[in-house]
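These notes concern the structure reproduced below.
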Amino acid sequence: MKMPRKLTIANLPTNIEHLKRLSSELGNVAIYLKRDDQTGTEVSGNKIRKLEFAIAEAIDNGYDTLITCGAVQSNHARATAAAAAKIGLKCHLILRGSSEDVFEGNYFLDGLFGASIDIVDSEEFKNIDKLLKAKQDELESKGRKGYVLPIGASNGIGGFGYFYAMNEILEQEKTLGIHFDAIVTTVGSAGTFAGLLYANTLVKNDAVVYGINISADREYFAGETKKIIAEMNEYTGENISLSYDEISIIDGYAGRGYGLSTKEEIDFIKYIASLEGVALDPVYTGKAFYGLYNEIKKGNLSNHKNILFIHTGGIFGWKAEQRDIIKNF
Ligand SMILES: *Cc1c(COP(=O)(O)O)cnc(C)c1O
């Protein structure tokens with residue numbers, strides 16, 4: 001099988017931790033956490049794994065600028081800005097937001113890493129493909145070369161970040177002497193989920209890879225997953241193809257929608273933080289881990305003994321309205 005080249009930016013392999021107190025509270029199940037929130041400081045989170053492959057492709061094809069997009073507090077945009085600075089490339093971000101957004105968290109870090117930033121409103125952001133292309137054309141007219149990464153770096157090349165992570169997990173199983181029968185991740189643009197699923201299918205591992213979507217719905221993300229898997233086939237020369245039933249996305253935990261929290265979600269994040277000393281984030285991992293917890297409580301995952309949840313990061317994404325929910329100590 002052909003495998004694209006990757007850079008070495010992230011701190012890998014990331015640790016796997018046993019959440020002992022949570023596991024004993026749930027009973028009959030062992031919950032483990034893969035600390036992909038610790039892939040680095042500036043580049044922390046899951047996006048750097050995808051960027052290691054995407055940026056290698058950009059460099060190998062002579063690009064000098066990374067162009068990407070996301071919400072104003074996008075972890076992917078911040079990781080791209082940080083990685084660009086580490087590698088010596090330029091970075092341009094098109095972020096969905098407004099003039100009212102506080103210059104904090106990921107947005108602040110984007111500026112700190114020297115990315116140039118266009119803020120556009122949600123109406124304009126509907127034409128994001130055109131906006132990205134226009135930026136690329138503008139750079140070209142100045143003799144530069146812009147490499148466009150889609151939202152979340154979730155495409156064929158980005159998928160290899162979690163193909164690589166799946167192989168890392170299989171290696172760690174040997175050293176730890178544990179076999180994970182379920183691997184669970186958040187689905188935000190499906191690249192992480194698709195990459196894990198691709199590798200899991202290719203090596204015929206018997207674990208079930210579950211995704212828990214934090215926006216949109218199962219149908220939408222099953223389609224995105226299929227698209228990414230098809231693009232990965234173009235690189236590997238393999239012919240992995242999955243039916244809708246083989247794509248295990250658990251729906252029902254998007255709550256109030258992307259970037260919006262409920263009190264139950266924030267209370268749950270505080271529960272885990274005080275029980276285990278682990279900080280989840282309100283946009284992604286807090287919702288998905290809350291989903292996993294509820295599915296276990298309902299008995300829907302009772303056929304699994306060792307469950308590995310990927311902590312994909314997001315610590316910089318906390319905003320005042322979410323922080324304020326837990327302020328009354
Ligand atoms: C982007 C992101 C996700 C979702 O990953 P996708 O590959 O986009 O599905 C999960 N957690 C965090 C913290 C993220 O930033």
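Indices start at 1 and increase along the chain as displayed.
Glycine is treated like the rest: Cβ placed from N, Cα and C.
Noted in TrEMBL for the protein shown:
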- Ser74: active site, nucleophile (ACT_SITE)
- 10-313: domain 'Tryptophan synthase beta chain-like PALP' (DOMAIN)
- Lys47: N6-(pyridoxal phosphate)lysine (MOD_RES)
Mean of the pLDDT scores, which run from 0 to 100, over the domain 'Tryptophan synthase beta chain-like PALP' (10-313): 98
In three-state DSSP terms, the structure that Lys47 (N6-(pyridoxal phosphate)lysine) belongs to: helix
Cα-to-Cα gap, Lys47 (N6-(pyridoxal phosphate)lysine) vs Ser74 (active site, nucleophile), nearest whole Å: 10
